[in-house]
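Chemist: Quick one: the structure is below, and I'll ask about it shortly.
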Amino acid sequence: MRIQIFLDQALFGPGVIDGKPGRFSELAMQSWNEVHGHPAEDWQPLLTEARKTVPNPFAVAIVPDVVKDWVDSTLPTDHEGQAKRKRMSYRSVIEFMAERYHTSDEYLAVLNPGKKLGNLKARDSLVVPNVVPFPIEIITGKKFEADTVMSSRHVVVDTKINQVRIFEAAPPALVVSEKEADGVVKVRRPNRGLVASFPITPGQPKFIKYGIWELKNCLELPYWRYDKSLLETGVRSSQSINIPPGPNSPVGILWAGLSKPGIGMHGTGEPETIGRARSHGCIRLANWDAIRLPTLIRPGASVEIR
């Protein structure tokens, strides 16, 4: 867990923090090694740095009072019912706390044996991964504008390994996917141009829009237009339902739209499915990773889908 926490806080997302080795932790490690000039498969530099930076991987968290504004145990599961609500809230306090600390309900149960997590309420305490929390309550629906530095950055969406990588820029000689057959990046010198990487779920192969696009917009708490025809065939219809914003929206708490209409990077209400289930056409990230995008890229950035 210490390594996952270190990577997460260093902007090389390992996915859900669960204390288990896995492909996303390995990819995050390779990205971190790439930046620092270490051999791709060498865990030792990362272990050393994680021990220094994260002396205690556990923390005690208090359920905040704002939980009452963000949990709705009666949230419908059907789109028609959801459309009548003002917000796609969390369905339980434990779901609220799991996402807040970049983990899962199941792992919080492991960290808190014997505690009745189904009965959690405001001001209760529990053990959590020692990460900077994802503060859903400060998200207001902001729209992000272009920025001199962040709008010049280059994003590579790698649909083969389910990872998005953010670079300072895309000069002609920039190496962004020069890998061996096993997918491992062979690094010979530090790549200071790599800024961050996060696990993703790409679209179904028939809907993936390969190529280089421009990031056109970026906003918090987007509404989601549910269009069955668009999701199943890729063809937009006039029959749709507007689903309100919130952490349990299918597009999560952030939308970063591309110059290809209808395609973008966004959050999700199901972080445990990242990399394990295909989306309909867009690029999904866990909400705690998606909310970091406006601190890294802004409209005008180039996005390459491979």
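Cβ from N, Cα, C; glycine included.
Just so you know, TrEMBL annotations are computer predictions that nobody has curated.
According to TrEMBL, the record shows the following:
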- His266: active site, proton donor/acceptor (ACT_SITE)
- Cys282: active site, nucleophile (ACT_SITE)
- 173-306: domain 'L,D-TPase catalytic' (DOMAIN)
Chemist: Rounded to a whole angstrom, what is the C-alpha distance between Cys282 (active site, nucleophile) and the residue listed as 'active site, proton donor/acceptor'?
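Modeler: The residue listed as 'active site, proton donor/acceptor' has its Cα 8 Å from the Cα of Cys282 (active site, nucleophile).
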Chemist: According to DSSP, which of helix, strand or coil covers the residue listed as 'active site, proton donor/acceptor'?
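Modeler: The residue in question, the residue listed as 'active site, proton donor/acceptor', is strand (DSSP, three-state).
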Chemist: Just how many other Cβ atoms lie inside 10 Å of the Cβ on Cys282 (active site, nucleophile)?
Modeler: 24
Chemist: What does DSSP say about Cys282 (active site, nucleophile): helix, strand or coil?
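Modeler: Coil, per DSSP.
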Chemist: Residues with Cβ closer than 8 Å to the Cβ of His266 (active site, proton donor/acceptor), same chain and 6+ apart in sequence?
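Modeler: When sequence neighbours closer than 6 are ignored, His266 (active site, proton donor/acceptor) has Pro222, Val251, Gly252, Leu254, Trp255, Ala256, Cys282, Ile283, Arg284, Leu285, Ala290 within Cβ distance under 8 Å.
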